[in-house]
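Record features, source TrEMBL:
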- 300-324: transmembrane segment (TRANSMEM)
- 336-358: transmembrane segment (TRANSMEM)
- 378-401: transmembrane segment (TRANSMEM)
- 413-431: transmembrane segment (TRANSMEM)
- 443-463: transmembrane segment (TRANSMEM)
- 549-570: transmembrane segment (TRANSMEM)
- 595-648: region 'Disordered' (REGION)
- 604-622: compositional bias 'Basic and acidic residues' (COMPBIAS)
- 653-892: domain 'ABC transporter' (DOMAIN)
- 986-1006: transmembrane segment (TRANSMEM)
- 1018-1040: transmembrane segment (TRANSMEM)
- 1060-1085: transmembrane segment (TRANSMEM)
- 1097-1118: transmembrane segment (TRANSMEM)
- 1124-1145: transmembrane segment (TRANSMEM)
- 1249-1270: transmembrane segment (TRANSMEM)
Amino acid sequence: MLKTLANHTEEYHAVSGERHYDSISPADLKRYFRGDVQYCPEDDIHFPTLTVEQTIDFAATTRTPRTRIDGTRSQFVETVTTILTTVFGLRHVRKTPVGNQQIRGISGGQKKRVSIAEALATRACIGCWDNSTRGLDASTALEFVQALRITTDTMKLGTVVSIYQAGESLYKHFDKVCVIYEGSSPDMNLPTVKPPPDFLVAVTDPGARIPRAGVASQPRTADEFAQYFKASKLGRENAEEVDQYISTYSGNTESAKAYAQSARAEFAKRSGMKNPYMLTIPQQVAAVMRRKIQIIRGSMLATGINLFSYVFQAIITGTVFLRMPEATSAFFSRSGVLFFALLFSALNTMAEIPALFAQREIVLRHEKAALYHPFVEMLAHTLVDIPIALVITTVFVIILYFMTGLQRSPEQFLTFLLSLLVLSLTMKSWFRAIAAAFKSEATAQVVAGLSTLALSIYTGYTIPKPSMIGALRWITYINPLRYGFEAILTNEFRTLRGACSSLVPQGPGYENVSLENQVCAVVGAQPGQDFVDGAEFARLSYGFSYSKTWMNLGIIIAFGVGFTVLLLVFSEYNTSTGHDSTVALFKRGTKVKKVKKDAPGNSGDDKECGLDNLKSVDDKHHAPSAQSPLDAKPPTQTDSPLEAKPPTQTDIFTWQNIKYTVPISGEPDRTLLNEVYGYVAPGKLTALMGESGAGKTTLLNVLAKRVYSGTVTGDMLVNGQALPADFQSQTGYVQQMDTHEPTSTVREALIFSAKLRQPPSVPLEEKLAYVEKCIDICGLTEYAEAAIGSLNVEYKKRSTIAVELAAKPKLLLFLDEPTSGLDSQFAWAIVSFLRSLADQGQAILCTIHQPSAELFQVFDRLLLLKMGGQTVYFGDLGTNATKLINYFERNGGRHCEGHENPAEYMLDVIGAGATASTSADWHNLWLQSPEAASTQEEIKTIISEGINRGAVQTELTSEFATPWLVQVKELIVRGINSYWRDPTYLMAKLVLNTLAGLFIGFTFFKAKDTQQGTQNKLFAIFMCEILTVPLATQLMVPFINIRNVYEIRERPSRMYSWTALVTAQILVEIPWNIFGATILFFTWFWTVGFQNDRAGYTYLMMGIVNPLYYTSIGQAVAAMSPDAQTGALLFSLLFSFVLTFNGVLQPFRQLGWWRWMYRLSPGTYLIEGLLGQALGQQDINCSAVEFVKITPPSGQTCAEYMNPYISFAGGYLQNPDASADCNFCSTRTTDQFLEASFNIYYSHRWRNVGIMLAFVVFNVSVIYIFTYLFRIRTGSLLPSFRRFKKKKN
């Protein structure tokens, strides 16, 4: 509804009806003035490394009017930012990063305030606020609504707000209310004690509304409600008001011109008359560039890692190709180092793709808010990257160039640097354009991987242009890397006169042979010369010419401009993602179970799943009124899900003197909890409340033993004794974040929780039956077969609660804001259900935000915290919260009016809220109060009595409820379902293997048995190994995603062992990778032209061993990586070692000191096994260009002259009987070629299989080791010298 009102309808299939924005049509509003209608979404997504101030400052900058009362643009922005941070209590965190799940930043409530402030900074005429009070405490929520009210009145704005739980104090600030049930208010009873907001929500709930007695023909369906409203007096008045408005303003050209003139007066000069953006494009670019620099400065680690990877790789490559001689023996190596430098600097940008997709949602929101053109984001990104790329490339080139001994002339050095820099920027635009062109990250990764393969193969190094088949040779003409490679290779070889390293013939019997009768066995050699001209070598081997250098550079620049234009176009017009809209996805083949409702003619007690099964709340002690809708249900129900109730509890959980401190870099340790004490008794429902940032969630995490950093002191006891070893298994914890495996259905998630967390003594049938009851309890019957990831916020929250209930916690139930994001009726249902559990003996501690007075009275006790984690009150609430109110009034608090909500009253008194304050120190007042002393005595009594009763016994004999093999089995089943339900991931994997196999196969189609053909087969195998990079990068995403679910929710619940998770992830991934590799083999092996009798072994290595290897190494890198982007960077860096030291780019004989790395590189044994088997023991027949011409001495035939040399050096003659121009081929067999050039032996093939399997075993063990060291083990791996220094000071 709000999106439609805000004119954000792009994601919908169709929108019917009329919308009028004064005299402006929706189409004109979107095109010219959409910045005047703002939609603030429910989720808070911002650039995590920007500070609070920078986030708000940017929004204010992009919507700064041209005409201001006084001051410059910067002064106006500073004023707006200061006002908003002050109003919403953000001044103390102005310099703090916003943060996200990975980056530590501000709290959830503060993040919500940042979202509100950002939206207000745009100065919109109409604001649509989607549940913007979610996550705010009652006082801050009230201040937000008051701020909206003041802004609406003073600036004559239109404000539309959706609030799921609107208290009376919030509700009274609004002028009108719209009840969404495809209609409006029916003729129903309004209980005198029930607040109007709750009543209006109850009206649309068949299970909660109470029909008015004596009134016939009550509406029951949504359509009936709509008709009743339209026919009512209010409906007619509303229709008349709307008609009058339309007739007055709709189509009024004068009004439209006046509005347009007024709005355009705020737009910058030369901003254009046909766009909604207030700034000119140069101003937008400047603002976004400034923000981009701030983002980079906020995350210098990423930039540092990027620079380090370049420096590190330059040093490694430089030492591998250290001081190459100016001889023909180094021609291949010299080409290899140039190719590697080109490839590394050009393709490193591919790792940016995940980050580009992560920011797309933010850019889309800003585009809809008319802050800037989406293409401006990419243009600014490109411009900011130029100096960064210049610095990084220069450092890389300086290290690599002089270590390897490339031609040392200023002209050649600068040409090399310029070529790499321009090509690097060009390829950045290429990969960013790919990311911008697709809605799915997986699809973009596939296209990027395939383009990487095509670009690297058709550079001209792996397969020279003369050897390419005609059908694919056109790729070289659209490949910027080819032009870059020609430029840097001819730039290097044009002045090179390579001394001949192997004159033919030479050796025994040829001591006195003159140079006229010898030749250098290298392409481009001339008889009678002991050197080879580098330019001629480049021309004959690659078809390259130095005369095209500057033309090639111009072509690269043209490609760069073209790619940048594509990037800007795609960015501007393809701003959506594959997950913009929320549509519930159901498991294929299942039927949605509809909620059963009574027929219209039956009793008025309409029932709805999720409410009719709730046990009645005790009217006398807890219900606000006998007229409460939920109290109309029978007091007992034989089919209640709660008949499988938890055993009666008598154990009491206490905590004393809890203090929690965390280290802050460069500052003293910060205390988040300060001497907090209290207890939770069975049968009691305890609320934990306080303002945003007071430490409520932190205390809950500490008590639930879910903090893994910082220092916790104090005592946590059950019955006065130490907590049982399986305390986390005996408790349930409903987190604030709804973290689930997104493809699991609701029922599957509950069954998974019940199977793994309920004791093994419980029969499976009983577990499954309890799961069904939990589904009914939480109102999830209709969505039981829906994928959790596709549900909206409300039903995800229901699922989170249901998953914890399915575990049947015995000792204690913790809940962190279980009602956030829910409407008041379902919030009441949830709290009523908690009340029911408590009445049956369950101990419950629950944080809660913005409870209504009705909801607040359901709780027995309250623990109230203030900022700094200090206790303000702990004790009983009393009937209608009288005990709480009397305490505050007795200690100097103002009088609580009868109509006030006690939950809002107490926060107001203690000075909670963004701008509120108080002169009283309520923490000290509490410490000195008789209530505090009484609480301490109660805790002492509980402890002393508990010691006599004995400690709570550990129920589980091991850390987890189920055996390890059962855990693995359940995780494998979940993993298989997850993969099968993610076709994008699977298709990306399979398509990449299929297209890559076909592409490589046809690139080296039917490779000949010449020297070049044999080398082509070598590179056909080498390129398949390079394919490991995108395949391994792909598998990191699901690995890390499911690990996040484990770390956030499943590990703290002791659901299963981390070793079971790792085992399942390995076993689920391997079959798909073997299947993909099988497709690769069948599309590649015979197209390249390998012999049929070599297929079996090749499939073993390529189709089974290689996927085992890259699966294990990819997951090992993911195990130590915090996110997929970092994992991709690390894997690219590590795998470059495998490629560098496998003996292909730099042959073994020239590795020198690095030969030990050659023996450690898995690529060595994979390449040797594949090549040795596929090419070994075959003949080589040189092509015409590969023969060298030798002039024998006068009177000798070619055979007489060359046979002694051939006998020990190998090779053969094409014309042995000739007496002049002997055509000599230096290689006769593939074994000679492979052994001499690459140290590859056919006899090692089975040894290589064993070594590769040993690497797989090692990698698998490393997955477990890294998971433990980087994800499971707490604390630093190194001594904390900083903390030692703090203690010393």
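Just so you know, glycine gets a Cβ as well, placed from its N, Cα and C.
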**Confidence summary (mean pLDDT) of the domain 'ABC transporter' (653-892)** = 86
**Request:** Report, as numbers and ranges, which residues of the same chain sit near the transmembrane segment (1060-1085): CB under 8 Å and 6 or more residues beyond its ends.
**Result:** 964, 967-968, 971-972, 974-976, 979, 986, 989-990, 992-994, 996-998, 1000-1001, 1020, 1024, 1027, 1031, 1035, 1038-1039, 1042-1043, 1046, 1095, 1098-1099, 1102-1104, 1106-1108, 1110-1112, 1115, 1119, 1260, 1263-1264, 1267
**Request:** May I ask whether the transmembrane segment (413-431) has at least three C-beta pairs under 8 Å with the transmembrane segment (336-358), counting pairs 6 or more apart in sequence?
**Result:** yes
**Item:** Proximity of the transmembrane segment (1097-1118) to the transmembrane segment (300-324), 3+ C-beta pairs under 8 angstroms
**Value:** no
**Message:** With contact taken as 3 or more Cβ pairs under 8 angstroms (pairs 6 or more apart in sequence), are the transmembrane segment (443-463) and the transmembrane segment (986-1006) in contact?
**Reply:** yes
**Asked** Excluding the flanking five residues on each side, which residues at least 6 beyond the ends of the transmembrane segment (986-1006) place their CB within less than 8 Å of a CB in that stretch?
**Response** 442-443, 445-446, 449-450, 453-454, 457-458, 463, 468-469, 471-472, 979-980, 1016-1017, 1019-1020, 1023-1024, 1027, 1030-1031, 1034-1035, 1072-1073, 1075-1077, 1079-1089
**Asked** Which residues, given as numbers and ranges, are at least 6 beyond the ends of the transmembrane segment (378-401) yet have a Cβ under 8 Å from it?
**Response** 285, 288-289, 291-293, 296, 303, 306-307, 310-311, 313-315, 317-318, 337, 341, 345, 413, 416-417, 420-421, 424-425, 428-429, 432, 436, 564, 567-568, 571
